[in-house]
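A.B. asks: One structure, pasted below without further comment.
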Amino acid sequence: MKEAINIKLFYISLAVLCIVSSETKIRSMAMKLFDAHCHLQDQRVVDKASLLIHIANAAGVVYIAVDGITEKDWHLVKEMSDEYDSVIPNFGLHPWYVEGKSRSWFDTLKELIEANPSAAVGEIGLDKSPLAKGVDFGEQVEVLKKQLQLAKGLKRPASVHCLDAFPELLQIMKEIGPFPAGVILHSFQGSPEVVPQLTKLGSYFSFSGHLMPLKEDKARKIVKAVPLDRILLETDAPDALPTNPIFSVPGNATLNQPANVHSVFFFLFSILNR
């Protein structure tokens, strides 16, 4: 059985190692990295998950947080975690899917988290962007509150998706927090102004390839607003393919994979050193 892992330490360790490092690209490939957020249970890559995990491990990615998004994929995340020591399972109900939840969704989620000592709560969150068009925002809020309360009560980190809803997220976190086990703002692209308040509540800020299409000055302001010991790296694979990918998914070069956390590292390193 996989030993319980101090998730918070793993989630925060990568930042210090990467940001203060000035190693070459070749040396960095030998670094022990952690992909703080991805979706290897996604139907686009689930049949290649074993291969992608092996590629990532060989590239020095020693832990991979795989985030469930709906009741229908939680079992896949658990199966990966049971099979691969490098997979850290996260279970959560994503804001896009709150309206399809079953009556027993929360009991099932709680049982999964309690039964898996290394598990975090995620992916959860709020979304008012066009991507969530038609999804009731009030229901998103209700579901998020229950999941944040669960994470806090079980002393587990939470991995949070937030698009165009930071004022609402901040208010909810103030009501329920602080969060000593940590809240990970996944693929963070929020305003630099919200960083100090979120940090006080226990937040960490995870960056992915989603940051790369932004104008360089805007991306730099976002990253530099975050304290170095609160910066995390992720791939959000199979999405968020970096503009400078080192690895491609066999059979589909448009998809991302955990080994490309190296590409995110190089991008952030270049931003912070200009």
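The backbone N, Cα and C atoms fix where each Cβ goes, and this holds for glycine too.
Quick paste of what TrEMBL says about this protein:
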type    : residues                     : note
BINDING : His37, His39, Glu123, Asp236 : divalent metal cation 1 binding site
BINDING : His161, His186               : divalent metal cation 2 binding site
A.B. asks: What residue among the binding-site residues Glu123, Asp236 has the most other CB atoms lying within 10 A of its CB?
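C.D. replies: Of the binding-site residues Glu123, Asp236, the highest Cβ count within 10 Å belongs to Glu123.
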A.B. asks: Using a 10 Å cut-off, grab the number of neighbouring Cβ atoms around the Cβ of His37 (divalent metal cation 1 binding site), all chains included.
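C.D. replies: Around His37 (divalent metal cation 1 binding site), other Cβ atoms within 10 Å: 29.
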A.B. asks: Any idea what the Cα distance is from Asp236 (divalent metal cation 1 binding site) over to His186 (divalent metal cation 2 binding site), rounded to a whole Å?
C.D. replies: 8
A.B. asks: Using Cβ-Cβ distances, find the residues under 8 Å from His186 (divalent metal cation 2 binding site) that belong to the same chain and are at least 6 apart in sequence, listing them in sequence order.
C.D. replies: Ala36, His37, Asp67, Gly122, Glu123, Gly125, Ser159, Val160, His161, Ser206, Ser208, Glu234, Asp236
A.B. asks: Identify all same-chain residues not among His37, His39, Glu123, Asp236 whose C-beta atom falls within 8 angstroms of the centroid of the divalent metal cation 1 site's C-beta atoms; report them in sequence order.
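C.D. replies: Other same-chain residues with Cβ inside the cutoff are Cys38, Ala65, Asp67, Ile69, Gly122, Ser159, His161, His186, Ser187, Glu234, Ala237, Asp239.
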A.B. asks: Applying a 10 Å Cβ distance cut-off over all chains shown, what neighbour count does His161 (divalent metal cation 2 binding site) have?
C.D. replies: 26
A.B. asks: Using a 10 Å cut-off, grab the number of neighbouring Cβ atoms around the Cβ of His39 (divalent metal cation 1 binding site), all chains included.
C.D. replies: 27
